[in-house]
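Record features, source Swiss-Prot:
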- Asp141: active site, proton acceptor (ACT_SITE)
- Val26, Gly27, Met28, Gly29, Ala30, Phe31, Gly32, Leu33, Val34, Lys49: ATP binding site (BINDING)
- 20-299: domain 'Protein kinase' (DOMAIN)
- Thr171: phosphothreonine (MOD_RES)
- Tyr173: phosphotyrosine (MOD_RES)
Amino acid sequence: MAEFVRATIFGTTFEITSRYTELQPVGMGAFGLVCAARDQLTGAPVAVKKIMKPFSTPVLSKRTYRELKLLKHLGHENIICLSDIFISPLEDIYSVTELLGTDLHRLLTSRPLEKQFIQYFLYQILRGLKYVHSAGVVHRDLKPSNILINENCDLKICGFGLARVQDPQMTGYVSTRYYRAPEIMLTWQKYDVEVDIWSAGCIFAEMLDGKPLFPGKDHVNQFSIITELLGTPPDDVIETICSENTLRFVKSLPKRERQPLTSRFKNADPEAVDLLERMLVFDPKKRIRAGEALAHEYLAPYHDPTDEPEAQEKFDWSFNDADLPVDTWRIMMYSEILDFHNIDQSEDAGQVLVEGVGDGQQAFAA
């Protein structure tokens, strides 16, 4: 049975197994607190994320289950890797991943990026997206703060909590809005993997220019800024808008011509601008795919078709439309944790799952 140790960080109780020491806070988000720590078992630095109140509502329970199941399924060099997960006696969930020194947001606010770094970072983002998309997963919340980087410039995508969910009206954060594809922002239609290509294009533009490409104050202003650069959406794209209010708004905007990106990115290589043009296209069906982008001339120094793998199997989304009570999500989550630790879900283990609280939970700790 694992021994748990408590510490108070930012006024929050952090309750982890004694395997992890030297806790240092590195980030706080709407859904959790992240601390750097030392793994006593391996000696490696790790990131420990406390998912706060995962069972407080069915929506949060489902979100936590989705992120956990995704991290278990996805295994790729450019995707954050889950190394441990456990439930504390206070019934909080803690996930442990490798620790990378910084993220792209911090990097972009500290200094301009040189060409070779921009190329290498974009290559790794697209390499990760090719794998994720082949698994039938849409990240949907790609932004610089969800792109982790270490001192060797190795890059890993994180933040899969919102992956492939219909817009829950909780995504008005400024940092997220800047990278949002127009088809999500204005809920035009069902969306697919192309939304991540748009986000990657916005991130690419920010790496080239040193500042966000579309810094809208709200969704209306955001869309207006997009049309100032990319012009009015084509008629066949406008016709896909289902909402009458959205359709009225789009048609009320003044007609604008697409501006050549070469005038906006005067110091960028022509190959870089060409790739960006192919990523920032209003019509999702005409946006370049991740695999195609990897083969673009701009990324030739890094492109290796023999080392850009796809997922071996699709992710199982059968749970995603389920409307279940908290207790059911809790049992499903416990089952996933037992599976992660290769614990036989015998009759005894099942009894522990049903109990769900108290000392029995410590059996799930690594």
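Cβ from N, Cα, C; glycine included.
Look at Asp141 (active site, proton acceptor): DSSP puts it in coil. Cα spacing between Met28 (ATP binding site) and Asp141 (active site, proton acceptor): 17 Å, rounded to the nearest whole number. Around the Cβ of Val26 (ATP binding site), the number of neighbouring Cβ atoms within 10 Å comes to 17. Recorded residues Val34 (ATP binding site) and Asp141 (active site, proton acceptor) have their alpha carbons 18 Å apart, per Cα-Cα distance. If you take every residue in the domain 'Protein kinase' (20-299) and average the pLDDT, you get 88.
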